[in-house]
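Trainee: Per Swiss-Prot, the feature 5-amino-6-(D-ribitylamino)uracil binding site maps to F18, S50, Y51, D52, A74, V75, I76, L107; the stated evidence is sequence analysis. Positions annotated as (2S)-2-hydroxy-3-oxobutyl phosphate binding site by Swiss-Prot, on the basis of sequence analysis: E79, T80, R122. Residues annotated as active site, proton donor in Swiss-Prot, with sequence analysis given as evidence: H82.
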Amino acid sequence: MEMQDQSKINLGIVVSEFNYDITSLMLQRALSHAEFLGVTVKVVVKVPGSYDMAVIVKELLKRDEIDGVVTLGAVIKGETKHDEIVATQTARKLMDLSVEYGKPVTLGIIGHGVTHEQAVERIEEYSMRAVESAVKLIKRLKKLREIDLTKETNVSIE
């Protein structure tokens, strides 16, 4: 899949509706930060929960007009290890999709093992970091793909 011109970065955002009092604020922060960075959010897709993200992320990664995907969610600790299972399996699958499609999928999912209060404290940090990481990775992947390593050595990409 080809990525767009470096000056025009197009993102998709997938946001969980579970714990929406938190994730709706994460979405607002992510959209504001994307605008601040000068990148375009082509589509926002809401899914029931973080565990449900992978199928939507995969569909977005298939599209040439999407350079990377930001995921936003909050997996709050409960009475069982359910939060750990959800967070671990979701992160693993999202990383697998990123590698499979050669496009960044960034993890703006708070948790596991956090309380509601801890998640609220992390809204801004996780949202902004997920967008920033996607933009940095897209730019660096583009540079890496343009370099002819048969002709250049000691290359540093930042």
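Every residue gets a Cβ built from N, Cα and C, even glycine.
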Trainee: Please state how far apart, in Å and to a whole number, the two most distant Cα atoms are among E79, T80, R122, the recorded (2S)-2-hydroxy-3-oxobutyl phosphate-binding residues.
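Mentor: Across E79, T80, R122, the two farthest Cα atoms sit 22 Å apart.
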Trainee: Just to be sure I understand: of S50, D52, V75, which binding-site residues have a C-alpha no more than 10 angstroms from the C-alpha of H82 (active site, proton donor)?
Mentor: V75
Trainee: In which DSSP state, out of helix, strand and coil, do we find S50 (5-amino-6-(D-ribitylamino)uracil binding site)?
Mentor: helix
Trainee: Could you check the binding-site residues D52, E79 and say which one's CB has the fewest neighbouring CB atoms inside 10 Å?
Mentor: E79
Trainee: To the nearest whole angstrom, what is the C-alpha distance linking F18 (5-amino-6-(D-ribitylamino)uracil binding site) and R122 ((2S)-2-hydroxy-3-oxobutyl phosphate binding site)?
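Mentor: That comes out at 16 Å between the alpha carbons.
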Trainee: If we count other C-beta atoms within 10 Å, could you say which of the recorded positions H82, R122 has the fewest?
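Mentor: Across H82, R122, these recorded positions, the one with fewest Cβ atoms within 10 Å is H82.
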Trainee: Near A74 (5-amino-6-(D-ribitylamino)uracil binding site), which residues of its chain come within a Cβ-Cβ distance under 8 Å, counting only those 6 or more away in sequence?
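Mentor: Sequence-distant Cβ neighbours: S16, F18, N19, I22, T23, M26, S50, I109, I110, G111, V114, A119.
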Trainee: How big is the Cα-to-Cα gap, in Å, between T80 ((2S)-2-hydroxy-3-oxobutyl phosphate binding site) and Y51 (5-amino-6-(D-ribitylamino)uracil binding site)?
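Mentor: For T80 ((2S)-2-hydroxy-3-oxobutyl phosphate binding site) versus Y51 (5-amino-6-(D-ribitylamino)uracil binding site), the Cα atoms are 16 Å apart.
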Trainee: In whole Å, how far is R122 ((2S)-2-hydroxy-3-oxobutyl phosphate binding site) from V75 (5-amino-6-(D-ribitylamino)uracil binding site) when you measure between their Cα atoms?
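Mentor: Spelling it out, the Cα of V75 (5-amino-6-(D-ribitylamino)uracil binding site) and the Cα of R122 ((2S)-2-hydroxy-3-oxobutyl phosphate binding site) are 12 Å apart.
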